[in-house]
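Some features that Swiss-Prot has for this protein:
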{"type": "BINDING", "residues": "Gly166, Ala167, Ser168, Ile232", "note": "NADP(+) binding site"}
Amino acid sequence: MSAKIIDGKTIAQQVRNEVAEQVKQRLAAGKRAPGLAVVLVGENPASQIYVASKRRACDEVGFLSRSYDLPATTSEAELLALIDRLNADGEIDGILVQLPLPAGIDNVKVLERIHPDKDVDGFHPYNVGRLCQRSPKLRPCTPRGIVTLLERYNIDTYGLNAVVVGASNIVGRPMSMELLLAGCTTTVTHRFTKNLRHHVENADLLIVAVGKPGFIPGDWIKPGAIVVDVGINRLESGKVVGDVEFDAASERAAYITPVPGGVGPMTVATLIQNTLQACEVYHDVQPK
């Protein structure tokens with residue numbers, strides 16, 4: 001068996017095209033373009049790359065994009081004051097603060113300062129709580145993007161045994177909630193899990209997000225499984241690989257996401273979707 005590749009690049013482009021068309025329709029109807037503010041504190045090279053891709057996506061779909069590149073010496077109080085201004089700004093529908101933040105700034109305090117209806121990353125306790133209560137509003141980008149991939153490939157998730165490897169607040173925990181909504185019997189594994197192999201071998205749908213290259217051996221994959229690899233790891237050689245041994249896993253899985261070109265593009269595309277949603281659901285004012 002050779003797995004079918006889940007092409008995140010193509011699906012992400014479809015999503016961006018759909019959003020761009022909706023933006024055109026808004027402008028034709030006399031409405032404003034959605035606005036996204038992207039805040040970067042410090043000069044983390046990886047963060048700069050991620051932020052640049054988000055800004056490019058905004059330009060591509062016709063959003064108003066505002067960039068705030070702050071020095072690493074920015075205080076927590078200064079960052080919170082900027083968020084307060086953006087919360088009150090009628091042109092801004094989404095506020096994204098790129099993580100990680102420099103030492104001395106409390107991530108939790110900053111993310112909770114963003115108003116829930118501008119929280120396009122989906123990290124605010126209100127939005128996480130809505131997801132847990134089966135009534136999601138703005139959903140965390142990577143999990144929502146993964147669900148979109150499964151939907152676009154017409155993969156029926158109801159009744160599947162789903163296993164999430166990794167329990168982070170950004171991917172693993174909200175992913176488990178999305179999988180429950182999608183009708184899966186869901187297991188979350190983490191660093192204290194005993195006999196990880198047993199759980200992986202029983203997974204009809206496997207989501208791996210630990211940030212360790214080749215962490216899941218390919219021969220652990222259940223034949224016919226769906227494998228979603230969230231990991232993005234750069235080796236010393238410069239090659240970018242995921243958390244799953246791709247070649248060996250591809251021989252056993254029915255579907256698999258590549259790295260790069262799988263989940264990564266969907267995270268940015270979903271951020272764009274969330275910003276349009278925030279604009280239309282929360283902030284639209286009819287033209288006079």
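Glycine is treated like the rest: Cβ placed from N, Cα and C.
Counting only same-chain residues six or more apart in sequence, the Cβ atoms lying under 8 angstroms from the Cβ of Ser168 (NADP(+) binding site) belong to Ala209.
Packing around Ala167 (NADP(+) binding site) is summarised by its Cβ count: 18 other Cβ atoms lie within 10 angstroms of its Cβ, all protein chains included. Other Cβ atoms within 10 Å of the Cβ of Gly166 (NADP(+) binding site) number 23 in total over all chains. Non-local contacts of Ile232 (NADP(+) binding site) by the CB criterion (under 8 A, 6+ apart in sequence, same chain) comprise Gly211, Val240, Gly242, Val259, Pro260, Gly264.
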